[in-house]
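Taken from TrEMBL, the feature transmembrane segment applies to B:12-37, B:57-79, B:126-144, B:156-174, B:194-211, B:232-253, B:265-285, B:319-343, B:377-399, B:521-541, B:561-588, B:595-613 (among others).
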Amino acid sequence: MSTVTTETRTPAAEPVLEASGVVMRFGGLTAVNDVDLTVRQGEIVGLIGPNGAGKTTFFNCLTGLYVPTEGTVKYKGTVLPPKPHLVTQAGIARTFQNIRLFANMTALENVLVGRHTRTKEGLFSAILRGPGYRRAEAESRERARELLEFCGLGAKADHLARNLPYGEQRKLEIARALASDPGLLLLDEPTAGMNPQETRAAEELVFAIRDLGVAVLVIEHDMKFIFNLCDRTAVLVQGKKIVEGDRETVQNDERVVTAYLGAPLEGTTAAQEDGQ
Amino acid sequence: MTESTTHETTPVLPLPAHLALGAAVGGGVLAAASAAMSWTWTPDFPGDLTYYGSPAGLQWLALVGGALTALLALAARGLKGLRWLSPSGSGNGVLFAALGTFAVCWYAVVAIAVELDGLVNLDPGGWLAAVGSLLAVLGALGLPLDRRRTVRHPELHWGLYAALAVSAVLRLGLGQGWALHAVPPGIRPLFTENLWFFVALPVAIALFRLWRLLDGWLRIGRIERPLPAARALPGWAEILVVTAVFAVGLGVVEFGVSTEYGELFVGFLLLTAFATAALLASGAVGRLRELTARHRAVTTGAAFAAAGAFPFTQSSETYVLIGTNILIFATVALGLNVVVGLAGLLDLGYVAFLGVGAYAAALVSGSRFSVFRDLHLPFPVAVLIGAAAALVFGVVIGAPTLRLRGDYLAIVTLGFGEIFRIAMNNLDGTSGPSLTNGPNGIAAIPDVNLFGFDFGEAHDFGLLHLGKNGNYLLLMLVATAVVVTVFARVANSRIGRAWVAIREDETAAEAMGINGFRVKLIAFALGATLAGLAGAVQAHVSGAVSPDQYLFSSPTPPNSAFLLAAVILGGMGTISGPLVGAALLFLIPAKLEFLQSYQLLAFGVALILLMRFRPEGLIAGRRQQLEFHDVQLPAQAAPADDVPTKAGA
Ligand SMILES: Nc1ncnc2c1ncn2[C@@H]1O[C@H](COP(=O)(O)OP(=O)(O)O)[C@@H](O)[C@H]1O
Ligand SMILES: [Mg+2]
């Protein structure tokens, strides 16, 4: 039951996310079992684990899509209300494992929807179209275009989301999430289905996001990706966090190795080969 | 020649090129020319087609169709001065125009032969129309056409054959009586009285089969051709073109509204449908769209000017009244489009909000049947009260229901629609408190008087004459303009995008920070308010309100079912879609009286065909067009294991 925790960052950095004792039960199934996790300012934290370990469920608990059976989730010191839109408003944005873009809206419109919480224009200002409204709308568009550019989708602004290639859809999800000016970004398997070049580009993108001052919590199966990227990695197995720490701590932990079917971590060797 | 893996540009009939062109042009000219001849010798056929030199009724349609075919054929060939008519140069436009002419001419000829009993009733003009239009179609089939390479579904499903066999056996058996023993006595009349069904089914299957065969032979498809850059016109000339197009549009609508007999209206519908398809294929519509996109304000202005000019062009008050009723129906449909088209909320009781607005306005109108008969508020105040009352009901209905996901809203609104009607029936002072005068409704709503302009009286402005119905048409047009403005502005705003996002994926929308309940309630309440506003105007236009005007379904619009159909038929999420849909759904039942008892059946068949061939509606926004016809689907390969629903929360 003991979990090894190694802090790599200076402990002085402010915690952005503090999840403590999060439990999520579905009837008899405990998908997430008493998980604690802290993400600090400026960190990239990884979350790995076999399929069905409860990673996505944990994300859903953090973002208010599920109300955790037990436990609390704090963002910058305040307990989050269990409503997705309030969580986003507070400053946590996310992407989805199975892409959930607004398929029949353009890329630009998708990002504009992401700006929803940071803009106020309501029905009446939309009908009256006063100067304030026009300014706000122009600013939103400006910001959305910047974000598309930032994610490498500058040329795709007017394409329907559904017509973008798979890799670009993932990027668009990230651009849309960034549009809400989050302090913490949750990425659920951002490289699933990507080829090696695209994965490399995604890595760069995550670093660039961190440099914007956004903390990142990322679920991933690609070990190379995780270990290149993350300051810290937590391992979830059958709903429980068994290890948390830096690369060595995780790689050398027996329980992690057994959890991955008794075999050495898939991809680790590859990571060592060309990573070093 | 445009070549691709999926499409080719080839003729259907292997004719020499100049022969095909000659036949298409010549056939079109012959059909057009036949309009100047007598088609039948007796004036018994509606419209009196017996004169030489002066076209009447259906002959006008043949004239227009034939001329369009000939011109398109020449334009597609690249004749100087006509290129604007066929910028894409596709032969399909010619074929559609020829088919439209053919449909009109042959419909007329067959109708003459059937109604007057025999081909002997045809005059040379009728024969010429038939031959000319057939020649045009054959010629068009010899032109290079855009065609699919593949034949879709060449086989008829065996299930349909089985249905055919079963229905044939049943028809026989029921006719001769022996199959009746297999039917429980209680429901026997159901079978014996509906024998036609067992004939109609095989006929439908045969038609379907025929269509498949024809489609497999023609393989007509659509190749998206980039239009060549238009010759630069000065700004004023472009505006002039837009205005002229709307003037022509006004003429077309006017012709449709003032058709005096069913045959003419059928012909009108046939030709308009084919001509529209022809101009779409020829690229003329695309060119026009470029123009209207450049001159938004002018386009909107021209559209409203054309609608406003309508009453001045009419000599008969009845047709003006039809125009007014179409506007009422269309305005309400557009309001519903906010709820259904943008936010994706299924509202099955929308007409009740129209009723709330109408009743609220009628109560304060000073009618002597109103319980507040001494209260006569000015018209604008009455309209505001109507809108406000509908808003209140919208919030009361929406607030508890919209918190839930799923189809609850559809059920609750359906119930509300019924409750409203029944409540209005019962608030008569005997079954309940006295408010609405029960089934008699509130009649004798005084005419509107704005700034001394009495809407109840005819007015003359120099040469222009405006009758009572004309006044109200213009008043209604103002209400339409309000709704159009609100729709256009809101659709493309923060809140409008939030609606579309909710419609697309509610979970993702909430995760992006949208308060789903709040945003949906705003959409629902806005929809209700717009309906209330239209209702308040409607009460004054029709001068009376009664419960039976606000039904879920009835043979005459506006009712909730027709409103929804107008939105879906016209095109969800667009502005012009519901307007066109409403106009069609109003005119078709009004003009085609012979449909009467089969109206709902025809309506159902039409909707099914529409869903099959044009699921995005008659007028598709850019988004819907891509939504339904784009085949480039990106891979959706990721395992779908994180689909949270509210059930899990
Ligand atoms: N809404 C739900 N209802 C019932 N069981 C669920 C629900 N969501 C997830 N689960 C279960 O929780 C477990 C963890 O799933 P998930 O979090 O998706 O795993 P992963 O780590 O692969 O993302 C799985 O066994 C899954 O079936
Ligand atoms: Mg997952």
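Backbone N, Cα and C atoms are what each Cβ position is placed from, and that goes for glycine too.
Unlike curated entries, TrEMBL annotations are predicted automatically.
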By a Cβ-Cβ criterion of under 8 Å, what residues six or more beyond either terminus of the transmembrane segment (B:194-211) are in contact with it?
156, 160, 163-164, 167-168, 170-171, 174-175
By a Cβ-Cβ criterion of under 8 Å, what residues six or more beyond either terminus of the transmembrane segment (B:319-343) are in contact with it?
257-258, 307, 310-311, 350-351, 354, 467, 469-470, 472-473, 476-477, 479-480, 483-484, 487, 490-491, 496, 499-500, 502-503, 519-520, 523-524, 526-527, 530-531, 534-535, 537-538, 541, 557-558, 562-564, 566-568, 570, 572-575, 577-579, 581-583, 585-587, 590
Please tell me whether the transmembrane segment (B:126-144) and the transmembrane segment (B:377-399) touch - that is, whether there are at least 3 C-beta pairs under 8 Å between them, with each pair 6 or more apart in sequence.
no
Could you tell me what the rest of the chain brings near the transmembrane segment (B:521-541), counting residues at least six beyond its ends with Cβ under 8 Å?
324, 328, 331-332, 334-336, 338-339, 342-343, 345, 347, 350-351, 353-362, 365, 379, 382-383, 385-391, 393-395, 397-399, 402, 409, 442, 445, 447-448, 455, 472, 475-476, 479, 482-483, 486, 490, 495, 499
What else in the chain is close to the transmembrane segment (B:232-253), if you only count residues 6 or more beyond its ends and a Cβ gap under 8 Å?
272, 288, 291-292, 294-295, 298-299, 302-303, 305-307, 309-310, 313, 583
